[in-house]
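Colleague: According to Swiss-Prot, the protein carries these features:
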BINDING   13, 14, 15, 16, 17, 18  FAD binding site
BINDING   285-299  NAD(+) binding site
């Protein structure tokens, strides 16, 4: 039957990408339908029970700055929080949290069920409705046809998914869930460029069978024995509205054990029955989250590997042994687990497995994540060749935004590489593609000094507000923070300290030595060993400001002070990076003609011509980042375009992007 109600946006899949896509489109006012094979698994953490990490935490903060759900759900469900790289500079500091699976899923479902403009429907999607070269809806497995103006496909590992345990394999989307075979076949009919990838998960262990006395305890930040005892971090910029760290459930530790020579011997004994080494698995696995058999094979000289025992929640005894993802036969899994200290009597609750699935080459996507072949069809998440909850959530939000904008008849929103990790993620995928599951790192961002976790809201919340993603409560909190940062920065720059009026004892206490001439407070704060709190207590507190005190700003006070202090200490570095951004921006604004025949650009090598013809970059900046396209090739392309003696120049667009001419 044809469902009687039409929608603006249909989202297929209810994982981390799908939920953020649906919430974003609905927040922007689009009539949105989320189709999932099982409403009970909305927001399910299919693999590890954690959110965040290096690069990944930055994405979560950006999703949050745009009104997304992941950070708040993690604050509501997080049972351990840590700031990684806390001793390093702010650009690479990252938040990571262990989450209670049940609480996380419940938080996501509540947000979905209470979001205006969003409808949920439980049915697997078997087909897409396509008229000409445009998608117009989706068809479920029982033949219900839903019409829409855009479809966001977030199928995760379900497209023709196959689970491997040893030499045994069976069709599945993940353990306990059926694969999307018909939908996979339909996408192949549409001739979208496709490949196979694989990922894996470790066996789960009953905590009652673990001897924790043989393991090393790893408390979270704020816990007894942890860093900053009594001060548990939060993820969301809006956590203060819900009590800050008080909204977290009970905090618990993780534990550490190690593999050993016996473990490695057991693993090697199973290589002849490993689907990875016997060719049963065709897909490429994630480089930065390899299976334990891959680690033992690749790093044969390493005598031991760290294994983190992570609790799955407060109401279960289940533990996730991070570091032993495997598809080895179960008898090998059983022996390798029991070979480690503390796990000698471990009971395995679920076997580890590898899952192989279809993905589609993201280089065939427009910069909005709309497919080039089918108008109105957007891809997000693992279908684009990525791995990780955070990467999926960021892509889902991005695709949901652009699907909603398309329904409004408005151009796509694409953040630049210097504006967001989301911009780096999108640009990497559409220009470089993937040869293995892609995960985010801070090292992928060349402008990471200005892409920090702490300023994600300062970078993105205004854009989110313009698009309708940010509600009044978030906007009010952001506006207070932004204005307080601006006022306090100006106050520090305009408040001068004269050596005649500053007692030497106070100068030495706070600054380390007496000052020889007049300085403003901002310049004093730039000194490596001078902190904001110490500076404002100098000389009896005469340089303090009530405007940024906890009494005035409440929970926002700490984040305002953090922004001001980072701006001062890294001012020189950030200014230099802004100069680099401006130089790079020239290429980003040069739009390439849509119908340019690169094969006719005789000055370029055959390899470069073929790559440009295949990937069809939208701007000269994108072209410069395609693998194999050299700076010399870009210069030659510029010369060819500036001659201008050919058809197909794009008209001057209204959005400020220039056309090469």
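Cβ atoms here come from the backbone N, Cα and C positions, even for glycine.
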Colleague: What same-chain residues, at least 6 away in sequence, bring their CB to under 8 Å of the CB of residue 18 (FAD binding site)?
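Modeller: In sequence order, the residues whose Cβ lies under 8 Å from that of residue 18 (FAD binding site) (at least 6 apart) are 11, 12, 34, 36, 152, 154, 380, 381, 396.
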Colleague: When the number of other CB atoms within 10 A of each residue's CB is tallied over all shown chains, which of the binding-site residues 291, 297 has the maximum?
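Modeller: Within the set of binding-site residues, the most crowded position is 291.
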Colleague: Whose Cβ lies within 8 Å of the mean position of the Cβ atoms of 13, 14, 15, 16, 17, 18, the FAD site, other than those residues?
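Modeller: The answer, listed by sequence position, is 11, 19, 20, 21, 36, 43, 154, 156, 381, 392, 396.
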Colleague: Would you mind reading off the Cα separation of residue 14 (FAD binding site) from residue 285 (NAD(+) binding site), to the nearest angstrom?
Modeller: 23
Colleague: 15, 285: which of these binding-site residues has the highest Cβ count within 10 Å of its own Cβ?
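Modeller: That would be 15, with the highest Cβ count within 10 Å.
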Colleague: C-alpha of residue 299 (NAD(+) binding site) to C-alpha of residue 15 (FAD binding site): distance in Å?
Modeller: 34
Colleague: How far is it from residue 289 (NAD(+) binding site) to residue 13 (FAD binding site), counting Cα to Cα, in Å?
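Modeller: Rounded to the nearest whole number, the Cα-Cα distance is 24 Å.
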Colleague: For the binding-site residues 287, 295, work out the Cβ neighbour count at 10 Å and name the residue with the minimum.
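Modeller: With the binding-site residues 287, 295, fewest surrounding Cβ atoms within 10 Å: 287.
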Colleague: By the count of other Cβ atoms within 10 Å, pick out the sparsest of the binding-site residues 13, 14.
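Modeller: Per-residue Cβ counts within 10 Å for the binding-site residues 13, 14 bottom out at 14.
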Colleague: Below 8 Å Cβ to Cβ and six or more residues apart, same chain only. Which residues does that give for residue 293 (NAD(+) binding site)?
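Modeller: Within the chain, residue 293 (NAD(+) binding site) has Cβ neighbours under 8 Å at 267, 270, 271, 274, 276, 277, 326, 327, 328.
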Colleague: Over all shown protein chains, what is the count of other CB atoms within 10 A of the CB belonging to residue 299 (NAD(+) binding site)?
Modeller: 12
